């Protein structure tokens, strides 16, 4: 009969030890889970609190530029410009000056064949001869009757009649003289001459064309056009429509620089002449006239010009980016950030607009920190978190760099930059 080996059962103390160890492990795992959960909740709360605080970039107001540049379109016209019409009716016999020809005052431009005027001139001379003869006869008769006035041969009334008749004949002779002078002037108008030194800018007639008195070359429509146009271009007039916002710069010492499309690498200096002192109610602009010397006759009448004004401004007036402004029912404001990172909506007064920046005449200090692009829903007293702007460059430096760069932009480039900014804002 085989004998089985009996396995000894664990003692009660060992069981209790294992149970205690297992319980400790379970309690530790539960405690660890609770701790991790609480840590995660705290982290989530911190992240939520952090993300609920708006992130903003701030800058400080900058001193304004010492000068500002304003570029406006202008139209160049001649110093003098005269359309020349015919003063007598007839046919163009010959013309002597063509387009672009330089002329002096009195130079012959064309001659007109006016046979009707010739006949009237000769008739007026004949009428003058008749009137002068009648006057001479009346004088002789009046003298004879006057000599007989002391006798019984004639009455005093008859003498007075003869004297009055002589005076009337004299007046008729004077009328005839003026008629001759009139037709003599018309004879002179058969010669079309230049009224002043300049150039011929148009010739709208040709040999054989019929021209009308007090009109010009008669077209197929029956309308009369000028025969020639002559312009004095030794100095040119530049007309600029200046918007009302810029009218304060119009002063006698104002100067401007002209850029012409046909001379891309050259500029011309112009000086202030006068202004209309009244705004056009439709466009809210005022016509301003400048003068530009043209000794080489490089500038032609009718030329378009970009007129650039450089006017002084007050550099002590602070400027801020235009997008930093907040427009609300209370007025124009900026969003300042105080030492506790709280928002304060500050009322400001605007000055001149420079395009990307605008003057602040009151309401800001140089040391203020303002949000560069505040949201429409930003609130007074709201807590914000300041973040860095462009890596490697502080917001203040970025603002000043943008200001310096914007001074060198053309109006077209500024428009493109502004369009890009608007696209970014819409996105």
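Yeah, the Cβs are placed from backbone N, Cα and C, and that goes for glycine too.
Here TrEMBL gives transmembrane segment for one range in the set 15-35, 36-56: that range is 15-35. Sorting the domain 'Multidrug resistance protein MdtA-like C-terminal permuted SH3' (316-373) by DSSP state (H, G, I as helix; E, B as strand; all else coil) yields 3 helix, 34 strand, 21 coil.
Residue counts of the domain 'Multidrug resistance protein MdtA-like barrel-sandwich hybrid' (83-214) by helix, strand and coil are 66 helix, 28 strand, 38 coil (DSSP-based). Restricting the average to the domain 'CusB-like beta-barrel' (240-309) gives a pLDDT of 94.
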